[in-house]
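*Asks:* There's a structure below that I have some questions on.
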Amino acid sequence: MFALISKQEKDPTFWNTWAQKTLKNALTLQTLNTNKAKNVILFLGDGMGVPTVTATRILKGQLSGHYGEETQLEMDKFPFVSLAKTYNTDAQVPDSAGTATAYLCGVKANEGTLGVSAAAVRSQCNTTKGNEVTSILKWAKDAGKSVGIVTTTRVNHATPSAAYAHCVDRDWYSDNEMPAEALMHGCKDIARQLFENIPNIDVIMGGGRKFMYPQNTSDVEYPTQPKMSGTRKDGRNLVQEWIDKMKDKKGNYVWNKQQLLSLNPNNVDYLLGLFEPSELAYELERNNDSDPSLTEMVDVAIKVLKKNQNGFYLLVEGGRIDHGHHEGKAKLALYDAVEMDRAIGRADLLTSIHETLTVVTADHSHVFTFGGYTLRGNSIFGLAPKVSDADQKPFTAISYGNGPGYKIVNGGRENISTVNYESSHYQAQAAVPLLSETHGGDDVAVFAKGPMAHLLHGIHEQNYIPHVMAYAACIGQNQNHCMSSGGTVGLQPAFSSMASVLAVTRFLW
């Protein structure tokens, strides 16, 4: 059994020509882009480890009728790629809160905590004060830039929350999820912090509607479903408060696709879009009539933000990649990853590499993999070409190290020849039974293009990422290099003296 190889791929000239063209393009990178970054965009694929990137590439190609392996993702076109070490200060295999604090606030933190240093202890409210750390979104806002958050999860989920919140527990979505002791000691829920901590975030889009409304308030889209109703115990209607505050500031609140796409971005300065009570639907299950895609949200966000002459900072999260993997449903995860790649392409069309630094990365990986000596062009969701030589049963290329796909039937591994393993909700087989598949501890890729993108090279701690982005944009703590003329960023050392360098060196010993 052999894969059908195209005629051109049998000719060495094809591969040599392709490689020489790639080499020619690589040589152009010797001239570094040292412009000042007017705009900064971070695309965060939640749970998008390197195996997920590769599988996404194959899927994208196969959706276009190709083998898939030779396809280029939008992120593949970025000239600079590095690796980030994802561990939390207290965890070898991290969670999305501690990692978000790293790549947004520039400080590694404990698992489950948001916008606080490692001196804060998860769920202990009294360890919050004095341990707050600020994010690059705030640095950008303080510098006069417009700022935005776009996510397919709830807007008060782990990834977006670290951009604005200081919270010792990622699960404190509203006051309803907080212990009485924490409320008594003055800790604020994350939804409340979204509107109070950094005034006038220009664009906020995602899910999480129910956490903004008083308890038992019926949802506008699902009025007969109690689980979709408001959760807040304090009686506050955070959406209405935002509407009232922004009514004379060209502010618009939308909750469906039609409302979003009917807006004229030239007439919008502030935008709040909450499209679901909790998470947005997976891309494969999205209602194309009522629910905006990530690409559509990114398109509107950039058009609103780019009106600011000082530029903008935008955080975009493909958050449900992670959820698909946790469920062991690789098809849901990978289609969401393909959609995030489309959004990256849309952002490219709306911005210029000369003035926009774009970074694509993940917060962590998953125990997702694919193998089995599959042939060229094999469906990424398909079977390995041979049955197992141990139990003589077929197996899919995709599998998980652990998760809900572990099934024993009649004392042995399930025979999937009777199962629709290409379905959206098929749970790929796993080695260890768990109700929810876990994160992986491996490094994640960091793709970068635009001003100062070359600083994202090699292998670095994850908290290095926002320091590079801020350096390129001349925001935040390190601006000594920003006095050069001609729109370029100077290349002076990031430390002001050799003593500083030696101090850090001694610390690392």
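Using N, Cα and C of the backbone, Cβ positions are placed for all residues, glycine too.
Worth saying up front: this structure is predicted, and the values here are computed from it rather than measured.
Among the features that TrEMBL reports, Zn(2+) binding site is placed at Asp46, Asp322, His326, Asp363, His364, His439. What TrEMBL records for Asp46, His157, Thr159, Glu317 is Mg(2+) binding site. Per TrEMBL, the feature active site, phosphoserine intermediate maps to Ser96.
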*Asks:* For Asp46 (Zn(2+) binding site), which of the listed recorded positions (Ser96, His157, Thr159, Glu317) have their CA atom within 10 A of its CA?
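*Replies:* Those close enough are Ser96, Thr159, Glu317.
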*Asks:* Just how many other Cβ atoms lie inside 10 Å of the Cβ on Asp322 (Zn(2+) binding site)?
*Replies:* 29
*Asks:* I need the nearest neighbour of Asp363 (Zn(2+) binding site) among the recorded positions Ser96, His157, Thr159, Glu317, using C-alpha distances.
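*Replies:* Result for Asp363 (Zn(2+) binding site): the nearest of the recorded positions is Ser96.
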*Asks:* Taking only the recorded positions Ser96, His157, Thr159, Glu317, which one has a CA atom nearest to the CA atom of His326 (Zn(2+) binding site)?
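*Replies:* So, spelling it out, the nearest of the recorded positions is Ser96.
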*Asks:* Pop the Cα-Cα gap between Ser96 (active site, phosphoserine intermediate) and His439 (Zn(2+) binding site) into the table, whole Å please.
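*Replies:* Just about 9 Å between their Cα atoms.
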*Asks:* To test your reading of the Mg(2+) site: which residues beyond Asp46, His157, Thr159, Glu317, same chain only, put their Cβ within 8 Å of the Cβ centroid of those residues?
*Replies:* Leu44, Ser96, Ala100, Thr151, Thr152, Thr153, Ala158, Pro160, Gly318, Gly319, Asp322, Asp363
*Asks:* Quick one: pull the CA-CA distance for Glu317 (Mg(2+) binding site) versus Ser96 (active site, phosphoserine intermediate), whole Å only.
*Replies:* 12
*Asks:* List the residues of the same chain that sit at least 6 positions away from Ser96 (active site, phosphoserine intermediate) in sequence and have their Cβ under 8 Å from its Cβ, in sequence order, or write 'none'.
*Replies:* Asp46, His157, Ala158, Thr159, Arg170, Asp322, Asp363, His364
